[in-house]
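These come from TrEMBL:
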type	residues	note
DOMAIN	25-254	domain 'Peptidase S11 D-alanyl-D-alanine carboxypeptidase A N-terminal'
ACT_SITE	53	active site, acyl-ester intermediate
ACT_SITE	56	active site, proton acceptor
ACT_SITE	113	active site
BINDING	224	substrate binding site
């Protein structure tokens, strides 16, 4: 069922006091109070825009749902196809014919946002990425994500310039559904790195709020980054303190650091603490 949130009224004095640090450089921003199921701050949240690897959250949901239903198991082997192995962009070391457990592919999708691992998972669940995309769109419709359309499992821009589209509101709904139904996912999204069983390769998160002290935020335990030229730099974040959880959505910033800076501003506002800007920039594309 589609969420229908209303913005919380914020006293004008508080807005004026916090505006100096809250002013956003992102194209779309959203702050959701999960406990109250209400929007605190929003800007342009109902326009469908390219979201790059943020769309892997739907792949993540379908994987977790299939695990819960007993359709697949974390230890199930997946044979890597030529199509998956040749996928461009962020990747792990995979070759056609490799046999990799689902959990390794899942963690490679979750932390370094590996496109080849994501396609391998899609093919395993639905025989082909094309068939899996049908499942993604069907699930989006079931969830009431009316501004979401998927053309692939990864979020990459297709050769015909088509790309996965979502609104900030839809993204927040999806994040909330994942966290609520599968809270164990936060144990993985909170990791800065993970060693893959099949290869011994150490993979690292693209979430610099977990790896860089000047971007860190106490209580942050997820969630997903994304980048393409069309989408800009995007980040969905979540943090919890003393039983209170917030979800943030930041879309369309101009550089890697900005998406985390905007997230830190939102979370600082949410938890009522002063915003402390980072000391230096760091660049990453995913």
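Quick reminder: no glycine exception, Cβ is built from N, Cα and C everywhere.
Note that TrEMBL annotation is computational and uncurated.
Structural mapping of features recorded in TrEMBL.
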{"residue": "53", "record": "active site, acyl-ester intermediate", "DSSP class": "helix"}
{"residue": "113", "record": "active site", "DSSP class": "coil"}
{"residue": "224", "record": "substrate binding site", "DSSP class": "strand"}
Site with most surrounding Cβ atoms, counting all protein chains shown within 10 Å, from the recorded positions 56, 224: 224
Euclidean distance between Cα atoms of the residue listed as 'active site, proton acceptor' and the residue listed as 'active site', Å: 8
Rounded distance in angstrom between the Cα atoms of residue 53 (active site, acyl-ester intermediate) and residue 224 (substrate binding site): 8
Confidence summary for the domain 'Peptidase S11 D-alanyl-D-alanine carboxypeptidase A N-terminal' (25-254), mean pLDDT rounded: 97
